[in-house]
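Read through the structure below, which is laid out as structure tokens, and then see the notes.
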Amino acid sequence: MKELVIATKNKGKVDEFDEMFSKYHITVKSLLDFDQKIADIVEDGDSFEENSVIKAEAIAEQFQIPVVADDSGLEIDALNGAPGIYSARYAGKDKDDRKNIEKVMDELSHVPAHDRTARFVCAVAVARPGHKTFVERGTCEGRIAMEPAGNNGFGYDPIFIPSDSHRTMAEYTSAEKNSISHRKHAILKIEQWLQDLS
Ligand SMILES: O=c1nc[nH]c2c1ncn2[C@H]1C[C@H](O)[C@@H](COP(=O)(O)OP(=O)(O)OP(=O)(O)O)O1
Ligand SMILES: [Mg+2]
């Protein structure tokens, strides 16, 4: 078993990485496991890719270890791609999932089902001391539900219905979500590196 640090403070992400990395015999450690308090990293990039690289390189540099980071979010076509890279703080800086969902539901209240197309996007960056950082993107297409449903997952899962489904992502089991998610598709693109590591 190898251990890999994921530069995130999001418990939902940590659990998904843990589950998806087990097949590569990798266990994950996150910023939530560090004894010393780690300052919030300023995510001031213009894209998911830039922000994931900022997070991965900040931690790789500080601790001189290989690091994976994830920057992700929800793009809603009827909102011209919002909340996008601002997904976490869409309804305010306290990063409240419920408030974020309420804000999206309000904004889409007059948008009919067929115009509620959306996608989850995930950029995964790998940073290592002395190596060039690389980053890959995965997406998951779907639409925004008329009402929230389900309790699994995190973030916007209760209002996201993957294409060809009638259930929200929060009604999926973690195994179901991890077989089709944006995060899964990004991780598949770094699979060779993960295999070589383990
Ligand atoms: O699978 C997902 N299912 C539902 N919602 C999701 C998912 N993936 C990202 N999201 C939402 C949550 C948050 O509103 C934003 C991520 O923001 P993002 O900055 O990447 O993460 P974060 O601030 O929660 O943790 P951190 O930066 O420490 O990794 O997109
Ligand atoms: Mg963040």
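The backbone N, Cα and C atoms fix where each Cβ goes, glycine too.
According to its DSSP assignment, Asp71 (active site, proton acceptor) is in a strand. Cβ neighbour count for Asp71 (active site, proton acceptor): 28 (other Cβ atoms within 10 Å of its Cβ, all protein chains included). The active site, proton acceptor annotation in TrEMBL covers Asp71.
Feature annotation from TrEMBL assigns substrate binding site to Thr8, Lys9, Asn10, Lys11, Gly12, Lys13, Ser72, Phe154, Gly155, Tyr156, Asp157, Lys177, His182, Arg183. Other Cβ atoms within 10 Å of the Cβ of Asn10 (substrate binding site) number 19 in total over all chains.
What TrEMBL records for Asp71 is Mg(2+) binding site.
With a 10 A radius on its CB, Ser72 (substrate binding site) counts 27 other CB atoms from all the protein chains.
The Cβ of His182 (substrate binding site) lies under 8 Å from the Cβ of Ser72, Arg119, Phe120, Val121, Cys122, Gly138, Thr139, Cys140, each on the same chain and at least six residues away in sequence. Cα of Asp71 (active site, proton acceptor) to Cα of Gly12 (substrate binding site): a span of 13 Å. In the three-state DSSP classification, Asn10 (substrate binding site) falls within coil.
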